[in-house]
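Visitor: Below are the features listed in TrEMBL for this protein:
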TRANSMEM  B:15-38  transmembrane segment
DOMAIN    B:73-287  domain 'ABC transmembrane type-1'
TRANSMEM  B:77-98  transmembrane segment
TRANSMEM  B:110-130  transmembrane segment
TRANSMEM  B:159-183  transmembrane segment
TRANSMEM  B:210-228  transmembrane segment
TRANSMEM  B:266-291  transmembrane segment
Amino acid sequence: MAKLELQNLTKAYSRDIVPVKKLNLAVEDNEFLTLVGPSGCGKSTILRLIAGLDQPTEGRVMIGDRDVSPLPPGDRNIAMVFQSYALYPHMTVRDNVASGLKMRHLPAGDIQKRVQEVSGVLGLDPLLDRKPAKLSGGQRQRVALARALVRNPDVFLLDEPLSNLDALLREQVRADLKQIFEDQKSPIVYVTHDQTEAMTLSTKVAVLSEGHLQQLGHPHDIYKTPANRFVASFIGSPQMNLFPLSRSGNDVALGDFRLPLPGGVQAASVILGIRPEHLRLPQEGDAHIVSGNVFLVENLGMHDLVSLKVQGDPSLTLRALISADASWSKENLKLALPPESIHWFDGETEQRLK
Amino acid sequence: MTRDYIRERQQRTGWLLVAPALVLLLLVYAFPILRAFWLSFFTENLSTNLEPVFSGLDNYAQLVQDGRFWQSMRNTAVFTVLTLIFELGLGLIIALSLDQAFRGRGLVRTVAILPWALPTALIALAWRWIFNTEFGVWNDILLRLQLIASPVNWLGDPFWAMVAVIAADVWKTTSFVAILLLAGLQSISQDLYEAHALDGASPWQSFRQITLPLIAPQIVIAMLFRFAQSFGIFDLIQVMTGGGPGGATEMVSIYIYAAVMRYLDFGYGAALVTVTFLVLVAIVGLTWLYLARLRAKTE
């Protein structure tokens with residue numbers, strides 16, 4: 001088994017269209033890296049560069065000590081699950097799964113054994129002699145997965161594999177994926193625009209925007225300490241409340257309310273961020289409290305997502321998750337901002353303030 | 001179960017709407033075919049003063065003995081098989097080229113269909129001039145390249161005349177085959193090729209294992225079309241060689257035309273039509289069965 005390393009990887013289609021810019025990344029064995037970002041952030045291009053389907057303009061792709069950049073896709077020992085699944089429509093499930101092994105001239109006995117193993121794990125046994133057209137979306141997805149697993153590749157690539165499933169199935173397959181890939185030794189690179197998938201599946205998340213790596217880290221760290229405003233707004237649902245504020249002395253004003261800046265902050269303007277789930281109804285001892293009138297309540301079952309206009313500045317909308325059991329009034333609702341849950345970003349650079 | 005009124009109503013409307021077309025088809029296709037079949041049991045020529053006289057299977061007995069008929073059948077078979085092979089082969093190569101992304105592809109695709117869109121009689125006339133002994137451009141080129149010492153009478157030679165009509169037909173209809181196959185190629189998702197490449201397939205393996213099986217339906221349809229048209233080829237031959245020299249390029253349709261229009265042997269002509277028609281239907285029918293089985297297999 002071998003680690004996957006991207007060194008200075010760049011892809012430029014023209015001077016202005018550069019989907020991947022000088023990317024450096026390493027994925028070790030047993031690591032599940034998720035590339036997450038909005039459409040057009042370059043995440044799918046990175047996957048294609050690793051697979052060898054696109055040629056990098058600069059930089060290298062290393063698997064172990066081997067520079068695979070000059071190799072065609074078939075010689076890299078990489079398996080990929082496509083968003084469309086890319087099942088061969090004229091072949092049975094069995095032939096689809098076995099295709100990569102046949103191409104590598106494995107003995108027929110070995111092929112059969114490995115196909116049986118994988119189809120057992122994924123519950124494909126009753127489907128082996130069917131054509132893809134006769135399968136449901138979830139079944140096709142499992143066949144695509146089987147085709148990758150059966151190969152025992154050095155690297156797994158998955159390109160938005162859940163995006164063609166309906167919401168219920170997606171959740172179930174996500175859990176299945178996590179279990180299946182926990183047993184895999186090889187590095188896994190997973191592309192998604194869905195932050196829930198990124199958070200639940202990965203051991204490491206790379207947040208991308210406009211071809212640049214914004215933050216790389218454990219999902220928990222990314223949630224807890226987003227490196228900049230983009231990551232803060234992209235990761236977490238519902239979205240973090242973010243308010244660009246100008247400072248006066250060591251305070252900032254949020255509507256009618258003043259909040260102290262943490263010590264040592266030099267920036268002239270700052271961005272205050274707080275997640276809706278961290279706002280709460282005030283308890284005894286809470287120092288930072290804001291209030292405002294509620295104009296929208298969205299029932300999410302366990303919680304209510306409450307939107308209010310901050311008193312003193314109606315352009316500031318604060319969203320908070322409040323337990324559905326709690327009692328509160330829409331008029332002049334008071335909410336506490338626990339200091340440890342507040343994120344501060346530089347107003348100019350949008351980077352996190354230490 | 002209750003009666004399905006919606007379905008019943010739709011079916012009634014459906015029949016009503018296709019009725020005019022059905023009547024037209026019966027008049028234009030079914031009637032002439034049945035009429036020819038009926039006529040083939042009569043002798044109706046100059047010896048009977050063009051009056052139909054019932055003669056049973058006489059026409060068919062004559063047909064079995066008719067060397068010229070079998071010669072024209074052989075010619076038709078040679079012409080059909082060879083044009084089919086070349087048109088499919090070249091058509092596939094052109095389709096694969098046109099499927100690639102390149103500058104001006106739209107224009108090239110449009111130009112490619114032109115030979116097929118032009119009237120056959122005009123094309124045939126042009127090719128007759130190309131192969132003309134004294135003024136033909138083909139002789140001119142070969143002379144300039146010093147590949148021949150003196151002008152060759154291409155259309156006057158039994159072998160070369162057949163080659164010439166095949167070349168003309170291939171030139172004219174390959175583009176039709178290419179466009180049909182191109183439609184098939186375009187329906188294949190690029191993902192399949194990428195997945196196959198990751199599986200370790202070479203381009204040649206992808207062509208054989210992905211491209212060919214997935215455009216098989218288009219290949220069969222192209223063959224069916226081209227077979228039916230080649231088998232009944234008339235205008236191209238009539239204008240280029242008139243079936244000559246010495247019957248070397250005489251196709252069944254040309255012979256039937258001669259039997260009816262030149263020798264005024266309507267009864268015998270009808271027998272020729274009937275036999276040719278049955279052969280054509282049999283071959284198309286078999287191909288259709290194969291196509292249906294193929295479709296059942298891919299679904």
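Each Cβ is built from the backbone N, Cα and C atoms, and glycine gets one as well.
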Visitor: Hey, which bits of the same chain come close to the transmembrane segment (B:110-130), Cβ under 8 Å, at least six residues off its ends?
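Guide: Distant Cβ neighbours of the transmembrane segment (B:110-130) are 94, 98, 136-138, 155, 164, 167-168, 171-176, 178-179, 235-240.
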Visitor: Does the transmembrane segment (B:77-98) come close to the transmembrane segment (B:210-228), meaning at least 3 CB pairs under 8 Å for residues 6 or more apart?
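Guide: Touching, yes - the transmembrane segment (B:210-228) and the transmembrane segment (B:77-98) meet the threshold of 3 or more Cβ pairs under 8 Å.
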Visitor: Six or more residues out from either end of the transmembrane segment (B:15-38), which same-chain residues have a Cβ under 8 Å from its Cβ atoms?
Guide: 270, 273-274, 277
